[in-house]
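Participant: What follows is a structure written as structure tokens; I'll ask about it next.
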């Protein structure tokens with residue numbers, strides 16, 4: 001128990017710097033654009049031929065989905081997001097790689113940034129809008145970027161770790177032994193008893 005508490009504390013001490021930095025960057029960017037875009041004509045600042053900064057409140061989930069249920073759902077979104085952040089933190093504590101740790105830190109930082117918006121503003125502020133001719137990508141914010149970066153890191157970590165495990169297994173066992181072990185694992189339940 002003491003070892004687990006120590007691991008949780010060390011994970012918090014290490015991850016909090018990353019998470020807090022990402023949350024500060026996200027909240028400062030939102031604050032700046034809220035303060036400066038509300039006075040622009042059409043609530044928009046044209047940056048390039050394919051990028052605008054726009055003043056948009058997202059009352060739904062990612063990319064504005066379910067926004068029509070806002071009056072019933074904001075409390076549900078806050079509760080769900082809080083549970084997800086706690087679960088992601090648990091996964092980060094269990095993570096065995098630096099990439100996994102970094103990936104979870106980015107996802108948690110982005111999720112907390114959007115959670116702060118929901119708690120204190122009632123909706124998530126989105127401002128980055130990419131478009132090309134008739135195609136328009138849904139408006140998003142830096143917290144969404146952090147979540148996406150974190151997910152990409154976690155996917156890469158999963159596949160690179162899987163590859164390393166497979167290579168180490170091949171060094172120590174031949175293919176027949178690996179297949180036999182996999183078959184034994186498939187035929188054993190979670191209590192270690194044979195299913196057959």
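Glycine too: its Cβ is placed from the backbone N, Cα and C atoms.
Here the structure is a predicted model, which means the values were calculated and not measured.
The active site annotation in Swiss-Prot covers 126, 144 and is backed by sequence analysis. Sequence annotations record features per position, and here Swiss-Prot assigns transmembrane segment to 43-63, 75-95, 100-120, 135-155 based on sequence analysis.
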Participant: Any contact between the transmembrane segment (43-63) and the transmembrane segment (135-155), i.e. 3 or more CB pairs below 8 Å with pairs at least 6 residues apart?
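Facilitator: Counting Cβ pairs under 8 Å (6 or more apart in sequence), the transmembrane segment (43-63) reaches the transmembrane segment (135-155), since there are 3 or more.
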Participant: Select the most exposed residue of 126, 144, where exposure means the fewest other Cβ atoms within 10 Å, treating these as the active-site residues.
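Facilitator: It is 144 that, of the active-site residues 126, 144, has the fewest other Cβ atoms within 10 Å.
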Participant: Tell me whether residue 144 (active site) sits in a helix, a strand or coil according to DSSP.
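Facilitator: Residue 144 (active site) sits in a helix per DSSP.
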